[in-house]
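Q: Handing you a structure now.
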Amino acid sequence: MWRSYITSPVKIHSTSSHSHSSFHCSSFKDIQSLCTDDPTPLHNNNNNNNTSRKPSVFHRARIVHAFIRSLKPESESPFKREPKNETSADENNKYSLQVQQQQQPTIRIPGADQRVVVYFTSLRVVRSTFEDCKAVRSILRGFRVQLDERDLSMDSSFLNELQGILGGGGQSKLTLPRVFIGGRYIGGVEEVRQLNETGELKKFVEGLPAAERGVCNICGGYSFVLCGECDGSHKVYAEKGGGFKSCNACNENGLIRCPSCSYAPF
């Protein structure tokens with residue numbers, strides 16, 4: 001019933017042997033011999049009869065890792081840090097802004113020394129322009145100073161006013177937003193962002209009167225209200241003329257400037 005004892009054909013190598021040219025068994029008995037250096041037979045050469053030993057497996061791994069680390073540049077080493085440059089990015093931006101301001105002619109608005117004037121648009125026809133105007137207004141409102149916001153989409157007279165201030169350039173060459181601080185022309189969105197990052201914008205607005213808290217109770221912060229004569233239609237009926245005519249008291253949108261919070265035109 002039971003099978004007779006048969007000698008297993010599997011050969012088990014003795015751990016006392018030192019001739020382990022390869023790993024034959026998956027047992028932990030050979031781990032000690034694996035960690036030691038493997039002796040190699042003598043090489044009979046004509047010029048050199050010296051004996052040489054092959055390094056162990058772990059020694060070879062250390063050599064490979066050392067070689068790989070030597071190929072890496074010094075900047076990637078975790079133990080070496082590059083020295084800080086004396087001229088930082090903020091200083092470079094500050095220098096470029098000073099050069100740009102020196103190259104641009106000085107443009108000033110008379111009567112706007114105590115506030116910030118922003119020409120922008122609230123229309124979303126051009127998304128990039130709308131986002132730039134929104135970003136500039138958000139930055140300037142963070143300083144809580146008196147802000148004169150002039151929306152070109154609400155009143156076309158602001159466009160003629162801005163063209164006259166900047167030198168009468170064509171409408172195709174005009175980009176928004178445009179910022180004036182203390183009556184002095186600052187620039188567009190790029191100039192405002194760089195000045196804000198370098199901290200120079202805060203110096204420009206220092207000394208300006210603080211803005212009032214809350215919004216206007218009359219216009220709700222829009223700086224415009226409906227015309228009382230035409231009720232926002234921009235049309236009035238003339239009995240003598242025998243028909244409707246354009247209202248002369250409001251703009252093309254049937255709006256007039258808020259008498260409480262809006263500023264006079266330049």
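Every residue, even glycine, has its Cβ placed from backbone N, Cα and C.
What TrEMBL records for this protein is below:
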COMPBIAS  13-22  compositional bias 'Low complexity'
COMPBIAS  74-93  compositional bias 'Basic and acidic residues'
DOMAIN    117-186  domain 'Glutaredoxin'
REGION    1-22  region 'Disordered'
REGION    74-96  region 'Disordered'
Q: Of the residues in the domain 'Glutaredoxin' (117-186), how many are helix, strand and coil by DSSP?
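A: Its residues fall into 27 helix, 17 strand, 26 coil.
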Q: What is the average pLDDT across the domain 'Glutaredoxin' (117-186)?
A: 91
